[in-house]
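As given in Swiss-Prot:
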- His91: active site, electrophile (ACT_SITE)
- Glu161: active site, proton acceptor (ACT_SITE)
- Asn4, Trp5, Lys6, Gly167, Ser207, Gly228, Gly229: substrate binding site (BINDING)
Amino acid sequence: MVGNWKMNNTIAESVDLATAIAEKVGADGVQCEVGIAPTFPALYEVCKVIEWSGIRLCAQNCHYESDGPFTGEVSTRMLAAAGCSYVILGHSERRQLFGETNATVNLKVKKALAEGLSVILCVGETLDERERGVTGQIVTAQVVEGLIDVTDISKLVIAYEPVWAIGTGKTATKEQAQEVHALIRAKVTELYGQKAADHLRIQYGGSVKPSNAAELFAMPDIDGGLIGGASLNADDFMAIVEAAG
């Protein structure tokens, strides 16, 4: 269960929120793996306040080179040095707003895995694509092309986030989400075999709230969540975490 804070919170606000979540995780004894993804400037300070709790520090993006003339970018080795163990790649906002392609995402995935980071690979269709009936084609292409030349997926998580449900208040029904998650797992089975697919965790993201989390997480192929807006409130985020059992 990962909270993606996106471009929200100052360093001080991030530390306060992380502290509140860490205290709740420690007190509640949660059964699932929990991560939070603050902004880049807050990573190091947040790391200090969660390192005792078992919460994973996640980054929201990375570059596919280790160093160099890439103004405004952050490399995987810098993220690792800041305490990150996960990085979110291919989020729909990166694809839609910043023009990231499957090929670019693939370069980042390979770099992050090579540097020892775990990767949350985001996939999902737009409203237009869903209405045209090509959801399966779009999502499986994002999976296949995002994983070109990746031979080991033991440190991979895939997050299905229908673009039309992110930040809109709309949520895929549990049946819609399960259908796509099953497609993803079937494609991974085809690419990497049944054992790897069975061990793969597939998250759902897209307006997950305390009120709908339990029914989503009850689906057989939904293994967790990538939570946006609700993760900015410690109580709401923990209610979702607890819904995952």
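From the backbone N, Cα and C atoms, a Cβ is placed for every residue, glycine too.
Other residues of the same chain near the substrate site, with their Cβ within 8 Å of the Cβ centroid of Asn4, Trp5, Lys6, Gly167, Ser207, Gly228, Gly229, are Ile166, Ile227, Ala230, Ser231, Leu232. When the recorded positions Lys6, His91 are compared by the number of other CB atoms within 10 angstroms of each CB, Lys6 has the fewest.
For the binding-site residues shown (Gly167, Gly228), fewest C-beta neighbours within 10 angstroms: Gly167. Following the DSSP three-state reduction, the secondary structure of Gly229 (substrate binding site) is helix.
According to its DSSP assignment, Asn4 (substrate binding site) is in a strand. Checking each of the recorded positions (Asn4, Trp5, Lys6, His91, Ser207, Gly229) against the residue listed as 'active site, proton acceptor', the C-alpha distance stays within 10 Å for His91, Ser207. Residues listed for substrate, Asn4, Trp5, Lys6, Gly167, Ser207, Gly228, Gly229, cover a largest CA to CA span of 14 Å.
Taking a C-beta cut-off of under 8 angstroms and a sequence separation of 6 or more, Gly229 (substrate binding site) has the following same-chain neighbours: Gly167, Ser207.
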